[in-house]
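Peer 1: So that we are looking at the same thing, I have put the structure below in structure tokens.
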Amino acid sequence: MYGIEYTTTLTFLILLILLNYILKSITRIMDYILYRFLLFVVIVTPFVNSQNYGINLPITGSMDTNYQNVSNPEPFLTSTLCLYYPVEAETEIADSSWKDTLSQLFLTKGWPTGSVYLKSYTDIATFSINPQLYCDYNIVLMKYNANSELDMSELADLILNEWLCNPMDITLYYYQQTDEANKWISMGDSCTIKVCPLNTQTLGIGCLTTDTTTFEEVATAEKLAITDVVDGVNYKINVTTTTCTIRNCKKLGPRENVAVIQVGGSNILDITADPTTAPQTERMMRINWKKWWQVFYTVVDYVNQIIQAMSKRSRSLDSAAFYYRI
């Protein structure tokens, strides 16, 4: 009986010693692998151009924060940039290969060939009918013209912000604007907008609901019209529906992947609808050059600084759908 107990105890001790040996062997092997791996990392690290990620990056709800822990000096290599310009620039430059030249200049700033798209538009009024902004970053050049200053301001308000829009049936319903973010946006070849404010008995205030000639005209033959009326009041609306489409829109916030560069003019256009607030100049910039080559040279020279004031977004603007948050 004692012999069996001694044998069991001896077997247990042998297994314990064997297990201890195995564990020590595994530990030595792991230490060997770990030390070799760390040595490899130390040797290779100076030769690797990697992007470092901080542990405590702030989550702010905005992508505008400039993170200083990016070791790659060219953060825009995987992005696309659209540059919109009036067609008069092509006429003045009169060089069939000018886009290739500009592409090579963008390459010196870290934008590979094929990542920058140059798109022309006829004029502000035409561009207002159907602005389409599809790139990760979009820069719109607008040449200042005193005669089209208000058109430029409305177009800037449209493309620098995101809008959520619904159709309006003005033949059946009255409409009212609920707050400052609520606007009526009209687009078309010719938009003439007339409104008649109503009292609580749905009678016209200073106008007759049955006679559109007594309505108050707020836009005349415009291609783009952003209408702002007194909030909380019902309105009967008259629009030239054969040449214009009107939508009830809500401004959701800034469209941060779009910037507008005003070419010329003494001051940057103010697109703020509320007269009690400071002028809205965020992502609104100005270049004072007479020649278009000078304008493009300046854009190339400062393109990365301009991009830093923007945020890369995947959503695009296609007003053909008249639904601005896509």
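Every residue gets a Cβ built from N, Cα and C, even glycine.
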Peer 1: Which residue of Q104, Q132, Q177 does Swiss-Prot report at the same Ca(2+) 2 site as D228, V229, D231, D301?
Peer 2: Q177
Peer 1: Name the residue from C82, C249 that Swiss-Prot records as disulfide-bonded to C165.
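Peer 2: Partner cysteine, according to Swiss-Prot: C249.
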Peer 1: Going by Swiss-Prot, which one of C82, C191 is joined to C135 by a disulfide bond?
Peer 2: C82
Peer 1: Looking at N69, N238, which residue has the N-linked glycosylation site feature per Swiss-Prot?
Peer 2: N69
Peer 1: DSSP secondary structure for D301 (Ca(2+) 2 binding site), reduced to helix/strand/coil, please.
Peer 2: helix
Peer 1: At a 10 Å cut-off from the C-beta of C165 (disulfide bond), count the other C-beta atoms across all protein chains.
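Peer 2: Its Cβ shell of radius 10 Å holds 20 other Cβ atoms.
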Peer 1: Check the Cα-Cα distances from C196 (disulfide bond) to the binding-site residues Q177, E216, V229, D231 and tell me which is shortest.
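Peer 2: Nearest listed residue in space: E216.
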